[in-house]
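Starting off with a structure, shown below.
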Amino acid sequence: MDDDGGGSPGHYGGGGIHLVCEYCGHGSEYAEDDADDGFFTCRQCSAIHTSTQNTATNPFDFPMTPAHLSAHRRPTQPTPTPKPFPAPRGAATGAAAPDFDDLGEPSEPRDFATGANAWGNPEDVAARVRWRYVRGLQVILQRQLEALVERHRVGSLAASLAGTIWLRWVAASKVFDEMWVHKMLAIAASVEEGHSASKDKQSELEGDAQKSQSSYEFLFLRSLRMMLPVYSTLAVCFLACHVARETILPTDICRWAMEGKLPYVAAFTQVDKLLGSSLNDCPLSSRQLFRPTRVIGAWQLEAAAGSIAQKIGLLLPSVNFYLIAQRFLKELSLPIEKILPHACRIYEWAMPAELWLSSNPGRVPSRVCVMAILIVALRVLYGINGQGIWESIAQTENAVGSDPEASAPHSIEPDSNNSEEFDARELLCTLAASYDKINVGHDYSKEVHSYLKYCKDVVFTGMTFSLEEEHLIDIFWDMYKGKEVMLLDENAKLCQEKLRTTNGVNKRCRDGRFADTKCCSTPLGNCALQSIKSKMEENGFCYVSPRKRLVSDGYLLYTRRESSGSLIYVAHADYYILLRPFAKLAEVDVRVLHSSVLKLERRLGWIEERVGRSLNTLQNLHDEASDDERPVSD
């Protein structure tokens with residue numbers, strides 16, 4: 001607004017202003033409201049007057065200090081000419097206002113990244129990164145133990161043991177060694193010397209300082225991840241469960257970590273909630289520090305647990321064979337009261353070294369050894385030594401035809417003359433049914449909806465989206481839900497049509513004509529036998545026909561046969577049916593379990609041979625002693 005007294009307009013935006021365009025030469029009067037984002041536009045050519053900007057500031061919003069007294073003075077008398085703008089505060093010769101640094105405020109905006117020199121020298125950066133990394137791993141371990149106790153029914157003893165193991169593991173890793181920083185700086189210096197030799201002098205600018213700072217940070221992080229890997233929290237959890245005699249297996253830990261039921265992949269989001277933002281005390285974000293590249297496998301996890309126990313000097317017991325074997329038998333629907341006592345005798349007699357954790361990643365896991373003991377116990381109890389039990393089951397199914405009730409595995413009538421054969425037949429039928437029921441897949445892979453939710457909550461957690469991206473996501477979700485409903489309706493219609501056309505009249509044979517199911521179906525026994533042969537070939541096994549007669553009462557040791565330039569395993573069908581569900585439950589290859597069974601049987605045969613020799617020696621000593629005590633006749 002204009003001054004009624006004819007004084008000059010205030011410098012903070014009052015009154016009008018006359019501007020002349022630099023391009024077209026047109027001059028015009030502009031008011032305060034004519035500015036667009038602080039700039040005035042020519043009314044003739046629409047050019048922007050860059051020389052003048054409307055700041056719309058009020059001098060009364062600032063404190064009246066001696067340095068500001070000359071900034072504005074309310075005009076009380078008309079003056080012929082306006083006073084010039086005051087000089088900047090930095091150029092004032094008088095007492096200047098205090099800087100922002102003196103008021104305790106940061107010199108840089110908080111919304112922007114910190115400068116290269118904000119974290120101090122490399123020693124301070126190393127200390128900050130190391131302290132944040134170790135504390136963050138401890139928070140992740142704490143969350144994992146809480147999930148094990150609350151969701152997976154692990155005892156509190158395992159949680160208390162994990163704390164002690166973790167502290168000893170951190171101490172053994174020497175992550176807080178005073179010489180660690182100097183070693184890392186020496187490595188970084190040698191790397192920089194190699195790079196500086198290939199650069200010219202003009203490249204050594206201020207931007208190189210920030211690059212050097214970043215290289216230091218990631219060098220420290222790489223070293224910390226080698227000494228204390230992120231997956232070491234999972235290894236400590238499994239090791240604590242092992243010492244506490246829990247039935248938790250490495251496969252359970254890996255599956256829960258992959259599915260998000262155990263905080264691991266997305267655990268870095270919980271670190272900031274407990275420790276605060278990492279930007280306050282560490283140049284690296286929590287995602288860079290604790291985001292794992294992949295989930296470790298079960299074999300590597302067990303080897304990592306054994307390595308930690310070896311480094312901290314922890315004497316480990318063997319696996320809890322009784323509870324783990326009981327769990328496996330229960331999942332396979334096998335009689336626990338009959339099988340478990342015999343398996344425990346073999347365990348106490350043989351005591352194989354594979355039942356203890358090892359730091360060797362190439363050794364057979366301990367759960368495979370437990371499975372091998374159970375398989376040997378089943379072979380001894382039920383006499384599964386290649387007598388053709390599965391072939392007899394296939395012939396029985398072929399005889400009963402296509403009647404589903406008569407061909408069911410559990411509908412076989414027992415033979416009163418040979419109850420052991422019936423037990424073996426029922427065992428193989430139960431194992432064949434249990435093999436199809438075992439589900440080793442992840443929960444998120446069951447359907448697309450659960451997989452998308454898994455990706456949102458676990459894989460891409462911590463990522464932010466714009467409003468437009470969120471709107472597109474909502475649109476795609478609505479499209480997916482609509483198509484999903486349509487697919488469900490179509491599947492329901494197809495199921496109803498199949499039920500109508502599979503009653504024995506409208507079923508189409510391969511030649512294109514409709515006939516009864518019996519006229520075009522192959523014998524069920526031949527189908528079952530051909531199916532098991534093809535599956536054996538896929539898994540590296542060769543089918544062997546049943547044995548006609550037993551050569552000996554010892555263990556049946558299978559050898560390997562050369563086929564197409566490679567060695568493959570040979571086995572009978574009944575033994576393969578016994579082997580297959582145990583391997584699937586242990587999540588290992590069938591050949592690995594087969595090799596473990598052969599190794600255990602050789603060990604048992606060697607022990608039995610040594611025991612027999614010892615008994616014979618004792619008997620001979622007893623006979624010699626009795627001969628010496630016998631009186632000599634005249």
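Placed from the backbone N, Cα and C atoms, the Cβ positions cover glycine too.
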Out of 19-51, 250-282, 514-546, 580-612, let me know the one Swiss-Prot marks zinc finger.
19-51
Ranked by the number of other Cβ atoms within 10 Å of their own Cβ, which of the binding-site residues C24, C42, C45 ranks first?
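Its Cβ has the most other Cβ atoms within 10 Å: C42.
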Let's check the environment of C21 (Zn(2+) binding site): how many other CB atoms sit within 10 Å of its CB?
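Looking across every protein chain shown, the total is 19.
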